[in-house]
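**Student:** Handing you a structure now.
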Amino acid sequence: EQPIFSTRAHVFQIDPNTKKNWVPTSKHAVTVSYFYDSTRNVYRIISLDGSKAIINSTITPNMTFTKTSQKFGQWADSRANTVYGLGFSSEHHLSKFAEKFQEFKEAARIAKEKSHEKMELTSTPSQESAGGDIQSPLTPESINGTDDERAMPEVTQNSEPKAEPTQNALPFTHSSTISKHWEAELATLKGNNAKLTAALLESTANVKQWKQQLAAYQEEAERLHKRVTELECVSSQANAVHMHKTELNQTIQELESTLKKKEEEIEGLKQEIENARELQAQRDSLTQKLQEVEIRNKDLEGQLSDLEQRLEKSQNEQEAFRNNLKTLLEILDGKIFELTELRDNLAKLIECS
């Protein structure tokens, strides 16, 4: 691996216990670099604090780098089960890092598509259908925490300029990741289906044309045979007739050879049509899976909406409870003041008596 871009930033991670606070993993700004592994054709983000690796994140097409302030950005790594945050000394450094992230993410996507194409060319249809199952990634709560937990802590200032994390760590939803993947798969299948349909129509047209040519060749052969018979009967010039017959026989042999080649081409086209039908069946299967994922996505969105409503209700109840406590404290303060006055009056009466 070789570094292809480097910058300096303060490194943070989401607290693995609370899932709501940023925890600084470096005491000062450290070097953060993009690396390219040519053997595995992958891009990684690596940062070292001394001999300790505080960032080791492989860039995938599903990752998103989000600017949450002018000097702070973050991305989620489902493999490491964490969210990384970087605080830069200026907005320019943040923008440059984000541009490189998008560039290498696109390169990773292209490399992944090429790898899939190679696998599809070397694998059987049954293996291709078996490879369609995708494991569900981490839920948003396991990466960013719940809505309550996405509040960012204040970071103490060091001698070097450090960007403060904002209070809005963006959620990375499980359902949107699956939907994007299946939308990309469906778009690829639609393109392949259009190509196969065009090839199928062209093959069908060629088959019809070759059948017509075959019928014409057969008619021509019959006509030539009849012509030879007629020449043998009516012609007195045996030698000329024999030579003409020989030429006609050669022509017939050439026509039969051409006919045989056309029949072989027709068999090949039939095989291509069978392959196209199998690919159509695979497309239908993937379309059905996509519909199932969309239904599941809607269910998850409903659950998320219900959780948000419950959270809002809980917050309203807490606010009402605080208001009641304030009212009780005010009443209690008044009672204490009255008791104090009563004690002072009793003390005065005792002194007077």
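Glycine too: its Cβ is placed from the backbone N, Cα and C atoms.
In case it's useful when we look at the structure, here is the feature table from TrEMBL:
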- 1-108: domain 'WH1' (DOMAIN)
- 112-170: region 'Disordered' (REGION)
- 136-145: compositional bias 'Polar residues' (COMPBIAS)
- 155-170: compositional bias 'Polar residues' (COMPBIAS)
- 200-331: coiled coil (COILED)
**Student:** Could you count the residues of the domain 'WH1' (1-108) that DSSP puts in helix, in strand and in coil?
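**Tutor:** Breakdown, helix to coil: 18 helix, 53 strand, 37 coil.
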**Student:** Mean pLDDT, the coiled coil (200-331)?
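**Tutor:** Per the prediction, mean pLDDT sits at 85 for the coiled coil (200-331).
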